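Heads up, the thing below is written out as structure tokens.
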Amino acid sequence: MTDVSLMIHGGAGAIRDPHRYQASLRAIVESGAGLLAEGSSALEAVVHCVALLEDDPLYNAGRGSVLNAEGAVLCDASIMDGRTLKAGAVAAVRGVRNPVRLAYEVMGKSGHVLLVGAGAERFAREQRFEFEGEDYFRTEERVAQLAKAKRKHETALDHSDPADTKLGTVGAVARDRNGDLAAATSTGGVVNQRFGRVGDSPLIGAGTFADNLSCAVSCTGVGEDFIRTALARTAACFVEFRSMQAEEAARAAIGYLVDRVDGHGGLILVDREGRCGRAHSTPGMLTATFAAGGVRVETT
Ligand code: GLY
């Protein structure tokens, strides 16, 4: 099979106004699919798509990230190459316009897998990364959301209104012409989170995983649930050791998340044959899929 496959997500939860996201999801997946069709690698495609999601203030990653308890934006991101099992990640970085691109450089140039805080920012400066001021990242919507969360003493939800509870994080998974897999994930974390809190998104095996032997996975949801179940790797184990196909493995992994820790969230997965799967324990999940030459956008 030489077809390329690509999936992106923009978070899971109760999506109050799905129409807000549809055009953006479609445009981003089409743009990434175009790169794959021209021969770009799965790695290049997932970085490209996640950077576009980070640039769009609709999503909780990069610009438009949620605010922590101190009113600051601190971002996490990770990437994994299924061909080599190389990985890169950053956590709690401030001011970096595209955290996923920094994760990519960590993978290729730092000699490490995960850099955090001031160390990650220093590495970004060494690599001549673009930095932005606080105003670039903070949207009015996020400022209002933090004020509401503080009034209600909530810490764990992207949206404090139960009618609009979207657990933000963005991600992408891809299979390229060579059959290589890659995954990337990026987030601003959860609204009103304690300074220093890090979720699953920058943790390989929890929020992100890719291995050509099985699949590429990107997760979204309550990070603590995904860390405790190592959910991205768990999903890959269902493909590798139980011979599940993409959709079955995605459902089995979310079943495991719910059974073991009553977890909230979802994941996207592309397997080694290029089959795509998605599953979530929340009422909805924002995804766009390019497979077999067609695009599908889903919000439930
Ligand atoms: N899944 C994103 C986070 O919990 O930080």
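Residue numbering: from 1, along the chain as shown.
Including glycine, each Cβ sits where the backbone N, Cα and C put it.
If you check TrEMBL, you get these features:
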type	residues	note
ACT_SITE	Thr169	active site, nucleophile
BINDING	Arg197, Val198, Gly199, Asp200, Thr220, Gly221, Val222, Gly223	substrate binding site
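Where TrEMBL records a feature, it is marked here on the structure.
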{"residue": "Thr169", "record": "active site, nucleophile", "Cβ contacts under 8 Å, 6 or more apart": "His9, Gly11, Asn60, Ala61, Thr185, Ser186, Thr187, Gly199, Ser201, Gly207, Cys219, Thr220, Gly221"}
{"residue": "Arg197", "record": "substrate binding site", "Cβ contacts under 8 Å, 6 or more apart": "Asn68, Gly189, Val190"}
{"residue": "Val198", "record": "substrate binding site", "Cβ contacts under 8 Å, 6 or more apart": "Asp76, Ala91, Ala92, Val116, Gly189, Gly223"}
{"residue": "Asp200", "record": "substrate binding site", "Cβ contacts under 8 Å, 6 or more apart": "Ala206, Gly207, Cys219, Gly221, Gly223, Glu224, Asp225, Phe226, Ile227, Leu231, Ala232"}
Listed binding-site residues (Gly199, Thr220, Gly221, Val222), ranked by Cβ neighbours within 10 Å, top entry: Thr220
Where the C-beta lies under 6 angstroms from ligand 1, the matching binding-site residues among Arg197, Val198, Asp200, Gly223: Asp200, Gly223
Per DSSP, three-state class assigned to Gly223 (substrate binding site): helix
Largest separation between Cα atoms (Å) of residues that the record links to substrate, namely Arg197, Val198, Gly199, Asp200, Thr220, Gly221, Val222, Gly223: 16
Local Cβ density at Gly223 (substrate binding site) - other Cβ atoms counted within 10 Å: 27
